[in-house]
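See below for the structure under consideration.
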Amino acid sequence: MAVLGVQLVVTLFTATLMHRLAPHCSFARWLLCNGSLFRYIHPSEEELRALSGKLRPRVRKERWANGLHDEKPLSVPRDAHFQLQTCPLTAVDALVLRFFLEYQWFVDFAVYSVGVYLFTEAYYFVLGPVQETNIAVFWCLLTLAFSLKVFLMVTRLYFSTKEGGERSVCLSFAFLFLLLAMLVQVVREETLELGLEPGLASMTQHLEPILKKQDWDWTLPVIKLAIRLGLAVLGSLLGAFLIFPGLRLAQTHQDALTLSADRPLLQLLLHTSFLSPLCTLWLWTKPVARDFLYQAPTRNMTFSVPSEGAFDSLRLWVLVALCLLRLAVTRPHLQAYLCLAKARVEQLRKEAGRIEAREIQQRVVRVYCYVTVVSLQYLTPLILTLHCTLLLKTLGGYSWALSSTPPPLAPSQPSEALIPVDPAGDEAQQTAAQVAGILGGLLTPLFLRGMLAYIIWWTAACQLLSSLFGLYFHQHLAAS
């Protein structure tokens, strides 16, 4: 309580509130099961039997008399005309779905994490505490960890199938994105201002005096190489995680545009949401964003060019707005996915021959049973990007205010003060202080700016590439 004070009380209150309100009030459940989404119900066996022209014998004696003691599975013509009934998607129906509880807990935790962050921002703005730890950082870091866990949980489904097609796609794109991640790191800061080079330089400046005192200065190049390799591996994992969500997003985007043919405003929002990763890439492309804004010919127009700090704040606001826009069009995408059941049945009618009734029912049910996985694939990249943006503002020393002067970074502590010089002190305390000094020299604001900006930019790049590949796949490869 003495260390965190009000923030600890708010954290405990939020955790209790999340636990108590989950059965009664849940944003995740409202987003999916408020009644605006509808699902298709598969035809019953009696309906399909009536379409096939075969009536089921009612008594066992009659079945033996007709030689049906070894009854074959019911089959119907593929072009049989039957209607799929619809019903609203309710919470009672969703409780039996796989990963629904994980989906509800993860999305609700992300919402409460944003709530804690908003409170701490208001708390720091009003009171301005100096010696308190910002507990919203831990909430955001936990949300990032849970996002990676959800990615692993969903991607593991593709590795557990008997067919190796999905597994091969994940591994192939993981290798491709590994190469691209290494190429991105060698792009000059004049082109892509992610801040990796200034961040590594700041880390080197702070760590070098500490490592020299311990005769560990030879590890400095190894640390820099390990950081770059770690970023490349992280980029490869994110690429493998986002390839199938990108393919799914491309399909639901096309279907959502078809369903909203008479709603031009919704189509505009869908197009803007689909291209939002491209806007994120532009925000860190210096010739496109910053240089164009500062060096564009103004002619007779009079307007004030934003400062460096104002541009950084504007970039944060744009990222938050793009995340909210993608959240706003969640239901059109989910409804477009649920309508795949009808599309699969209509595609079945174009084929010749017969098909088992059970397979027809499975084609319809599989779409509904997979809706929570599709929801996680859609929302997890959004949650990851949003919380990285919040961390970028806090740990990177930025400000939400579009002020004319950039906010000053916190002064760095001298390296001599990070290591105790009292020889009579406890050896364990000295070791802990040395580790804290190394971590303090490593996690500088400039370094954290570069790391978080890289994650945000790379997530957007993976989403854009995978969704564009999905458009090409569904329009050309899948059709053929």
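Using the three backbone atoms N, Cα and C, a Cβ is placed for every residue, glycine included.
The N-linked glycosylation site feature in Swiss-Prot is assigned to N34; the stated evidence is sequence analysis. Cβ neighbours of N34 (N-linked glycosylation site) (same chain, under 8 Å, six or more residues apart in sequence): none.
What Swiss-Prot records for 1-28 is signal peptide.
Per Swiss-Prot, the feature topological domain 'Extracellular' maps to 29-98 (among others); the stated evidence is sequence analysis.
Per Swiss-Prot, the feature topological domain 'Cytoplasmic' maps to 120-134 (among others); the stated evidence is sequence analysis. Confidence in the topological domain 'Cytoplasmic' (120-134), given as mean pLDDT, stands at 83.
Beyond the topological domain 'Extracellular' (156-166), the same-chain residues lying 6 or more positions past its ends with a Cβ under 8 Å from any Cβ of the stretch are 244, 373. Per Swiss-Prot, the feature topological domain 'Extracellular' maps to 156-166 (among others).
Taken from Swiss-Prot, the feature topological domain 'Cytoplasmic' covers 188-224 (among others).
Panel annotation: around the topological domain 'Extracellular' (246-263), residues 270-271, 274, 329, 332-337, 339-340, 343, 374, 377-378, 462-463, 465-471, 473-475 of the same chain, lying at least six beyond its termini, place a Cβ under 8 Å from a Cβ of the stretch. Positions annotated as topological domain 'Extracellular' by Swiss-Prot: 246-263 (among others).
The topological domain 'Cytoplasmic' annotation in Swiss-Prot covers 285-304 (among others), and the record cites sequence analysis as its basis.
As annotated by Swiss-Prot, topological domain 'Extracellular' applies to 326-370 (among others), with the evidence given as sequence analysis.
Summarising the annotation, Swiss-Prot assigns topological domain 'Cytoplasmic' to 392-450 (among others).
Annotation source Swiss-Prot lists topological domain 'Extracellular' at 474-480 (among others).
Summarising the annotation, Swiss-Prot assigns transmembrane segment to 99-119 (among others). Beyond the ends of the transmembrane segment (99-119), by six or more residues, the same chain brings 10-11, 14, 17-18, 22, 26-29, 31-32, 135-136, 139-140, 142-143, 146-147, 150, 153-154, 372-373, 375-376, 379-380, 383, 386-387, 390 to within a C-beta distance below 8 angstroms of the stretch.
Swiss-Prot lists 135-155 (among others) with the feature transmembrane segment. Note on the transmembrane segment (135-155): residues 4, 7-8, 10-11, 99, 102, 106, 109-110, 112-113, 116-117, 119-121, 170, 237-238, 240-241, 244, 373, 376-377, 380, 383-384, 387-388, 390-391, 394-395 of its chain, located 6 or more positions outside it, place their CB under 8 angstroms from a CB of the stretch.
Long-range neighbours of the transmembrane segment (167-187) within the same chain, counting only residues 6 or more positions beyond its ends whose Cβ lies under 8 Å from a Cβ of the stretch, are 155, 158-159, 161, 196, 228, 231-240, 243-244, 454, 458, 461-462, 466. Per Swiss-Prot, transmembrane segment is recorded for 167-187 (among others).
Using a Cβ-Cβ cut-off under 8 Å and counting only residues 6 or more beyond its ends in the same chain, the transmembrane segment (225-245) has close neighbours at 151-152, 154-155, 158, 166, 169-171, 173-178, 180-182, 184-185, 196, 200, 203, 377-378, 380-381, 451, 454-455, 458-459, 462-463, 466, 469. The transmembrane segment annotation in Swiss-Prot covers 225-245 (among others).
Listed as Cβ neighbours of the transmembrane segment (264-284) (distance under 8 Å, sequence separation of 6 or more from its ends, same chain) are residues 192-194, 249, 253, 256-257, 315, 318-319, 322, 325-326, 328-329, 332, 385, 453, 456-457, 460-461, 463-464, 467. Under the heading transmembrane segment, Swiss-Prot lists 264-284 (among others).
If one looks beyond the transmembrane segment (451-473) by at least 6 residues along the same chain, the residues whose Cβ comes under 8 Å of a Cβ in the stretch are 173, 177, 180-181, 184, 192, 194-196, 199, 231, 234-235, 238-239, 242-251, 253-254, 274, 276-278, 280-281, 284, 319, 381, 384-385, 388-389, 391-392, 395-396. Remark: secondary structure over the topological domain 'Extracellular' (156-166) totals 6 helix, 0 strand, 5 coil, with classes taken from DSSP. When Cβ-Cβ distances below 8 Å are used as the criterion, the topological domain 'Extracellular' (326-370) is approached by residues 31-32, 36-43, 45, 48-49, 52, 73-81, 84, 89, 97-98, 248-249, 251-256, 258-260, 266, 269-270, 273, 276, 378-379, 382 of the same chain, each at least six residues removed from its ends.
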